[in-house]
Amino acid sequence: MMSSKPIYKRVLLKASGEALMGDQGFGIDVAVADRIASDIAEARAMGVEVGVVVGGGNIFRGVAVASKGGDRVTGDHMGMLATVINALALATSLRKLSIDTVVLSAIAMPEICESFSQRAALHHLAQGRVVIFAGGTGNPFFTTDSAAALRAAEMGAEAIFKGTQVDGIYSADPKKDPTATRFDELTHSEVLGKGLAVMDIAAVALARENHIPIIVFSIHEKGGFAQILTGGGRKTIVHDK
């Protein structure tokens, strides 16, 4: 049942790099970044504390290097840098809306942004700032989905909001299979057991271990984030039962 007030006080939003790309084939669509920032600003206006993890696939994917015979570790480091670019872009969009925002990077680059620590993240959240986590986990072989689950646990998030291209988790790709059905809710174990493409195995397992729900929704629906924060909207909830 939908309420006029948010049912979460502190959340982690995971946005893929592809989401920032919009209809372009590469890079950042500023209009899309501005719209996502507007949705985050709406959540802040409701009093919700928001942390954000952004991917880097719109600029570079580390696995692309490995698939062509290159060094995976170097490729992943390049992908981490791509997430910093995206984090800075989203922070710029938020600041245009007068939303106090800080970027915390898992890779030290003090001339560009602050370095991540749990203490810093909790301090900034308590001060009402949006905290954007960049650089993934800071380690190769871990996806930004895993970074999202890790940061959610560290910041004490009540839920992970996974913004995707569709409005929830489906039995198959709804863009390819018209008979695909959307799940209203699942358990973490069901997601892992069915091999559903939500987040990678490590991310879902970490969320399960820390009893953090994962809410999958369409990041392209303007105002959808705030609507789901109040219990409405189309989504799939992954939680313990």
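Each Cβ is built from the backbone N, Cα and C atoms, and glycine gets one as well.
Among the features that Swiss-Prot reports, ATP binding site is placed at K14, A15, S16, G17, G57, R61, T164, Q165, Y170, D173. Per Swiss-Prot, the feature UMP binding site maps to G56, D76, T137, G138, N139, P140, F141, F142, T143, T144. Swiss-Prot lists 22-27 with the feature region 'Involved in allosteric activation by GTP', giving sequence analysis as the kind of evidence.
Of all the Cβ atoms in the protein chains shown, 22 others lie within 10 Å of the Cβ of T143 (UMP binding site).
For the recorded site, Y170 (ATP binding site), the DSSP three-state label reads strand. Cβ neighbour density within 10 Å is lowest for N139 among the binding-site residues S16, T137, N139, T164. The two recorded residues, T143 (UMP binding site) and K14 (ATP binding site), have Cα atoms 12 Å apart. Distance between Cα atoms for S16 (ATP binding site) and G56 (UMP binding site): 7 Å, as a whole number. When Cβ atoms from all protein chains are considered, those within 10 Å of G56 (UMP binding site) total 27, not counting its own. DSSP assigns G57 (ATP binding site) to coil, not to a helix or a strand. Note: the region 'Involved in allosteric activation by GTP' (22-27) comprises 0 helix, 0 strand, 6 coil (DSSP; helix = H, G, I, strand = E, B). Between the alpha carbons (Cα) of N139 (UMP binding site) and G57 (ATP binding site) lies a span of roughly 17 Å.
For the binding-site residues F141, Y170, the ranking by surrounding Cβ atoms (within 10 Å, all protein chains) places Y170 first. Distances between the Cα of F141 (UMP binding site) and those of the binding-site residues K14, G57, T164, Y170 are shortest for G57. A straight line from the CA of T137 (UMP binding site) to the CA of G57 (ATP binding site) spans 15 Å.
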